[in-house]
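Working notes, structure below.
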């Protein structure tokens, strides 16, 4: 089998994340008036790809450069989720966002007057961005990464190496800032509810705290890594590697073996996908009440605890991570069948949209779980 060109593969993976992330963020549930309109969905990616795909790519690149584990990746994703919902589109603080007819019903049961937000939408928006907009797309695109030649043993898979260099990161950040500025300007021009200075300041503080929780453990582990070995020669057929050969390569932080790690075998990826499906359905279908919020927090905590425990096993691989992500994406597409879109969307267009994205989520999950590049550690 011919070895793929590493540069082309990295760019393809980055482009895939730029496209998949906004589709997961905005299209899976089919809630908007663009549902079932292929032309509008494609054109909207001109804004949504920089708005969602660029942060997903920045999160992923930062994580792989610093050796972040998945809890830290999700914390960083949640920080971007706070920025998106509280600062960019300010939906978190709106009492009637876009005149959505069910908005009042969604926020009123858990509305916290001093903060000017609802606990239900805070969890749904921030958690939704962390899991569906950023985390799951990163996991699935990484699972599709091809393996590099065995002659380059320090970086056996593109899923564990950066895809962009400094110029690419700068362009990605610029695209995000431009898209976020456009969305914010449109919100300030068209929406009556604007976040106060105190709300913006509080949101920025929360985002900074989440980012700190993501960076500190990774930086602490990085300082504990001994100096790397002498530089390996540049592998043939892989020009312009993302990681310079004189830079020490950190050990894979994915597997955290515990005292009895070797005695625990994680379930098969298909079972993990089923668990992700159930957890995703539970998160999306719980009521917008305080009891629903408490149950959603408990569900997320339980899922994170179980996944974290299973990830300590040496037999937990990237296939399991991809399976969990695929289950969550599939859950969101299933929920979409029960969502009433905004505007005047024909039933045929709505259900064609739902079927197409359900099929796509399942096929993407199957492909990611079957890829050879996903056999390495993941966590």
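Placed from the backbone N, Cα and C atoms, the Cβ positions cover glycine too.
TrEMBL annotations: computationally assigned, not manually curated.
These figures come from a predicted structure and were not determined experimentally.
Taken from TrEMBL as is:
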- 228-256: compositional bias 'Pro residues' (COMPBIAS)
- 228-265: region 'Disordered' (REGION)
- 41-58: transmembrane segment (TRANSMEM)
- 70-88: transmembrane segment (TRANSMEM)
- 166-184: transmembrane segment (TRANSMEM)
- 196-216: transmembrane segment (TRANSMEM)
- 289-308: transmembrane segment (TRANSMEM)
- 320-339: transmembrane segment (TRANSMEM)
- 351-369: transmembrane segment (TRANSMEM)
For the transmembrane segment (166-184) and the transmembrane segment (351-369), does the number of C-beta pairs under 8 Å, pairs 6 or more apart in sequence, reach 3 or more?
-> no
Same-chain Cβ contacts of the transmembrane segment (70-88) under 8 Å, 6 or more residues past its ends?
-> 51, 55-56, 59-60, 62-63, 121-122, 125-131, 133-135, 138, 180, 183-184, 187, 195, 199-200, 203-204, 206-208, 210-211, 213-215, 217-218, 254, 304, 307-308, 311, 321, 379
